[in-house]
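Feature list (source: Swiss-Prot):
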- Arg182: active site (ACT_SITE)
- Glu190: active site (ACT_SITE)
- Arg230: active site (ACT_SITE)
- 15-24: compositional bias 'Low complexity' (COMPBIAS)
- 61-75: compositional bias 'Polar residues' (COMPBIAS)
- 322-342: compositional bias 'Gly residues' (COMPBIAS)
- 131-296: domain 'TNase-like' (DOMAIN)
- 1-75: region 'Disordered' (REGION)
- 319-342: region 'Disordered' (REGION)
- 93-109: transmembrane segment (TRANSMEM)
Amino acid sequence: MRWLFWSSGSQQAPNSNKDNNNNNDGDDDNNNIIINNINRRPPLTLECPSPSHPPCASCSTKATTSPSNPKRGWNTSLTARDWAGEFKDPRNLIPTLLLTGGILFCVRIHRQYLRRIPLATNISPTYFHKRSLFGRVTSVGDGDNFRMYHTPGGRLAGWEWLPFRRVPRVKKELKDRTIHIRLAGIDAPELPHFGRPAQPYSHAAHTWLTNYLLNKRVRAFPYRQDQYGRVVATVYVRRFPWIFLRRDVGLQMLRAGMATVYEAKSGVEFGGEGKESKYRRAEEMAKRRGRGLWKGWKGAGWESPREYKNRMAGVEGERAAAGGGGGGVGGMGELGVNGGKN
């Protein structure tokens, strides 16, 4: 019997060990399942037992890290960064300074060199005797004045070849968009206006200036404005085949005998004493050769543009005194800078 007891016990022992091993394996599986479930759970947030509970580490952690915290401020992430250090970082500071400086430089260049001036009355006094105006001649009104469409920067700024940088050709589109320029230092014969008859060679002078300047690109150096809204300026043009040489338009008119040096007691602009002497030498040369209006200038009845203006002013003054009422208009021609209005 004892042998049977111990034998049966010895036979069951392996089975019991096997069962124990199976139970241990089952426990391990259950532990793994529990651990996996714990890992899948969202992080625990500990709450204080009551509002009067003093702040603790867990509460602080919850207040700063819990995404569902309704008391979290919108600027928490902003104040958490060291922005002073970020701004002082050369990797951020240098590009910012370069970008800001580049924008300010472009604005300055545009204001000084690329901003278009529509009318002579819009020209800043800082231009006079210091700056120049570049543009295309759109019309010639008389033998010594014309209108120019300002094209700052020329072709380098896109004028004449970019679609939005075209010079208008229609007279309606040019209204109030051109600069009225009076050639400095010269006086051309007067066309008929204000009821005055045309002066000899006035049409010839107008035709000469039209052929010389119309639709050409010119550069004007302004000196001042007159009372008619025109700007008195020395004008240069480049003409084929000598496109690399600038030609003084006023000087060329004097050489061709189509104008005289402007004579007045005050208000004359030449652009310097050297230019005035050059103008007078050119006039003297044309006078000796009898060019243009100087043909027969020694004969009776010949008069210069200045003498013509003075004579017309006297005639209109006599009419005004006699009650004709024509002196008011006639006086405009005498008061103009560098001659009459036209």
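Heads up, the Cβ atoms here are built off N, Cα and C, so glycines get one too.
Taking the features listed in Swiss-Prot, we show where each one sits on the structure.
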{"residue": "Arg182", "record": "active site", "DSSP (3 states)": "strand"}
{"residue": "Glu190", "record": "active site", "DSSP (3 states)": "coil"}
{"residue": "Arg230", "record": "active site", "DSSP (3 states)": "coil"}
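Listed in sequence order, Ala120, Asn145, His180, Ile181, Arg182 are the same-chain residues at least 6 apart in sequence whose CB falls under 8 Å from the CB of Arg230 (active site).
Neighbour count (other Cβ atoms within 10 Å of the Cβ, all protein chains): 28 for Arg182 (active site).
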